[in-house]
Amino acid sequence: MAVAVELRGVRVRYGLLEALHGVDLACPAGRVTVLLGRNGSGRTTVLRALAGDVPVSAGQVLREGRDVTALDAHRRAAAGSAYVPAERGVFGSLTVAQNLALSGDAPVDRWFPELARLLHRRADTLSGGEQQMVAVGRALAARPRLLLLDEPGRGLAPAVAARLHGALFELAAAGRTVVLAEQAPLPSLQRAAVVHVLRRGRVAFSGEPSELGPAGGAGGADRTGLSL
Amino acid sequence: MPGTLDLSIDLALAGLAVGSAAALSGVGLVVTHRVTGVLNLAQGAQATATAYLLRELVVVRNWPLAPAAAFCLLVAAPALGVLLDLAVFRPLRRRDAGQAESMVAGIGVFVLLIGVIVLVWGTTPFGDAPALVPATVLARPGGHALRLDTLVQLAVVLGLAGGVGLVERYTAFGIRLRAVVDNRRLARLAGIDADRISAAGWAFGSFTAGLVGVLLAPLLLLDPYGLPLLVMATMAVAVAARLRSLPVAVATGLGLGIAQSELTRLRPGGQLLPLAQAVQTNLFVVALLVAALLPWGHGQDGPGLATSGGRPGRRGSSAARTACAVLLLLPLGFRPEDLRHALLVPALALVLLSVVVVTGYGGQVSLGQAGYAGLGALGTALLMSGKVPGVPALSAVPALLLAVAATVPLGLLTGWPAVRRRGLALALVTFAVGTALSRLVFDQPYATTGLTVSRLGLPADDQGFYLVELVLLGAGLLLVRSLHRGPPGRALTAMRDHQAGASAAGVDVPRLKLLVFMAGAGLAALGGALTALAQQGFDATAFDPVQGLLWFATVVVAGADSAAGAVLAAALLTGLDAGTLPGVSAVVVGALATAIGRLPGGLAGLARRLADRPAPGLTPLGHRLRRRIAERSR
């Protein structure tokens with residue numbers, strides 16, 4: 001399984017606090033990788049480090065074997081990655097159509113037919129769930145080879161979230177790499193190739209979803225015997 | 001009355017010259033602010049620098065006007081904008097610095113550019129700045145002279161504003177630009193090179209600034225101080241447009257230019273005449289005050305100025321305190337002429353402390369502290385000269401105390417607007433109040449003539465007076481300390497770090513803000529009054545709004561929440577000016593201010609980081625030696 005993107009010994013600091021203490025993790029190409037962990041475990045920071053949204057104080061970020069640690073966020077995006085943050089993922093002063101056109105021209109109505117009637121509305125007049133659709137839609141419109149999503153299901157109706165997860169697996173089947181962060185393992189993500197469980201800024205568990213056991217992410221982490 | 005109407009039309013046409021320059025300045029400020037999030041306080045200096053460069057090329061080096069203008073406006077000015085972005089503002093963006101630090105950097109650029117202008121071209125005013133467009137009369141419809149330069153200026157303003165609007169709305173670059181304006185971080189994540197767009201914004205802002213300078217210079221004498229201040233007053237235009245709307249900026253600029261011209265006809269009799277004249281000459285200042293005081297949609301929030309998460313380093317802060325004590329006691333052994341300069345140190349320290357209280361502790365940006373210092377000085381002078389109706393001439397101590405007591409409630413002038421404003425909106429109100437006080441109160445005939453200030457009732461010799469100053473500074477420091485420790489200190493810190501959170505935790509934020517601004521006004525007034533007593537006279541220029549900007553920058557550079565830093569800065573500023581040339585201190589502060597992007601927390605932050613650094617470890621040789629010594633002693 002080729003590795004699409006990888007962190008090697010990555011440390012990230014926010015001021016005096018260190019959020020990631022030397023994290024090593026790899027995400028296979030053309031598959032779905034899920035990052036699990038409680039609040040403050042470093043899930044979002046891992047995604048941000050992959051996207052180039054935070055400076056890395058030590059370690060390397062590798063993309064298809066190439067060191068991209070020093071590459072700016074916009075260059076990484078231009079090189080085919082897209083990141084959907086958990087909140088404020090839309091440009092509020094632009095219309096939905098402009099939001100989508102900003103990234104690319106791939107049609108997104110297949111995944112979010114709801115957006116078709118909202119194209120001329122300003123994004124900040126939409127509801128939270130609709131904004132989340134625009135945010136994910138904007139990422140999909142760019143036809144990214146690497147898609148990074150932070151809790152993409154947040155604020156979406158369960159049916160829409162399940163449809164979104166289905167879409168992510170479709171994308172992976174078409175050769176794209178998907179990395180998403182969630183608080184807890186969701187049934188619709190059982191087909192993921194790899195799960196990394198983060199705990200207090202370290203990787204506590206890496207493996208297949210089936211190895212996690214019924215207790216979920218925390219249980220998997222406990223089974224590894226790591227307590228920090 | 002056809003004669004009156006004709007006069008009105010002629011005046012309006014004349015007012016369009018200043019009006020279109022003001023509109024252009026507003027367009028530049030609005031565009032720069034929208035694209036970069038920074039209110040370009042250095043615009044006046046950029047305008048002046050470009051005007052000087054054009055004069056140099058055309059008058060001194062005999063370039064033809066067209067290529068010289070093209071070089072100045074299309075090459076030099078945009079290049080300066082890009083340079084400012086790269087060297088000064090990009091490092092600030094990189095670490096998400098707040099509004100206040102961006103303003104400090106802008107003030108630094110302003111001071112440095114003016115310093116360079118003085119260095120290269122001197123302070124002698126030039127009356128021969130070349131006009132871009134000749135003032136040929138094109139036509140005389142109805143007997144009114146329609147001049148080519150007026151028409152061209154008007155066309156340029158409307159064309160630029162319209163062009164910017166069209167680009168934003170209908171081009172891919174415009175959509176990307178709006179995305180950056182909306183959410184810079186997200187735009188970068190969407191693959192947009194936000195830095196390049198900011199650089200373009202700075203280049204455009206610098207180009208308009210240059211155009212404003214080149215257009216205004218022929219209308220007045222070209223000197224390093226007048227033109228930048230005029231351009232600064234045109235900030236009213238951008239403020240009225242709420243730093244967003246280009247049509248409002250254009251309309252306000254033209255409207256104010258015409259209004260100023262028409263007001264020359266207004267000649268009320270008696271006591272009102274000086275007031276009318278003051279309003280007419282300072283119409284842009286009045287407009288700035290009105291525009292800033294009108295309600296804003298919503299204030300912008302920015303992070304506080306204190307070094308976040310920094311534990312006060314014990315080694316660093318005690319060293320700073322010792323240095324303060326030594327520097328303050330040193331002048332007691334000075335020769336008389338040196339001691340005279342040192343008299344300004346405690347006075348300036350008190351003014352800087354007022355900024356520490358308002359901005360460093362309270363997190364409220366205040367650019368107008370010079371106004372309060374001036375009020376303290378003017379009040380003391382008026383009371384001592386017996387110019388206040390119903391009050392006999394007082395001696396120094398009661399006059400000083402009364403002046404300070406009268407200024408404290410005036411802290412509400414900026415405190416009250418601060419209740420509903422934050423960040424940039426508040427900074428503009430405080431700057432407007434300071435400017436209005438300077439122009440409409442201090443610069444008036446009653447304040448500039450016939451005032452006597454003496455040290456009646458205080459020790460007449462400088463040494464005794466200096467001791468009195470030290471006692472008052474000590475009292476000020478105690479007040480500042482009481483605001484920084486215990487429950488009030490915690491409430492202030494909470495308000496600075498997170499206003500909504502502080503409210504939710506039971507802190508009475510509006511009351512606290514009023515208190516902070518009143519304490520700040522009192523401290524500044526005390527400092528101002530001591531300045532007047534030290535110099536034995538009231539000097540309106542000592543309380544100029546630009547001085548207020550410089551003091552604000554000084555405090556932020558020294559470390560906004562460091563009282564010891566403020567006292568040290570006062571000693572160093574006064575020492576630099578007295579020991580070298582006047583103005584050197586401003587250039588030093590300016591240079592440090594432009595580097596604020598690489599200096600989080602100012603010099604106090606740097607000192608803290610150095611003090612918190614772990615003690616240096618042993619080299620391998622040292623370890624070997626230590627082992628050797630341990631073995632031998634066994």
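Positions of Cβ are set from backbone N, Cα and C atoms, glycine also.
Among the features that TrEMBL reports, transmembrane segment is placed at B:12-31, B:65-88, B:100-122, B:151-177, B:197-219, B:272-296, B:341-362, B:393-412, B:424-442, B:464-480, B:514-534, B:549-573.
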When you look at the transmembrane segment (B:151-177) alongside the transmembrane segment (B:464-480), do they share 3+ Cβ pairs under 8 Å, ignoring any pair fewer than 6 residues apart in sequence?
no
Listed stretches B:12-31, B:65-88, B:341-362 vs the transmembrane segment (B:151-177), most Cβ pairs under 8 Å: range B:12-31
For the transmembrane segment (B:272-296), the distant same-chain contacts (Cβ-Cβ under 8 Å, at least six residues beyond its ends) come to 22, 230, 233-237, 239-240, 242, 252, 256, 259-260, 263-264, 266, 417, 420-421, 425, 428-429, 431-433, 435-436, 439-440, 443-445
One stretch in B:12-31, B:197-219, B:549-573 has more Cβ pairs under 8 Å to the transmembrane segment (B:65-88) than the rest, namely B:197-219
Within the same chain, the residues 6 or more beyond the ends of the transmembrane segment (B:424-442) and with Cβ under 8 Å of it are 39, 99-100, 103, 233, 235, 239, 243, 278-279, 282, 285-286, 288-289, 291-293, 296, 299-300, 364-371, 374-375, 378, 413-414, 417-418, 540, 543-545, 548-549
How about the transmembrane segment (B:341-362) and the transmembrane segment (B:549-573): do they have 3 or more C-beta pairs under 8 A, pairs 6 or more apart in sequence? yes
*Per the definition of 3+ C-beta pairs under 8 A with sequence separation of 6 or more, do the transmembrane segment (B:100-122) and the transmembrane segment (B:549-573) touch?*
yes
At an 8 Å Cβ cut-off, counting only pairs 6 or more apart in sequence, do the transmembrane segment (B:197-219) and the transmembrane segment (B:12-31) clear the bar of 3 or more pairs? yes
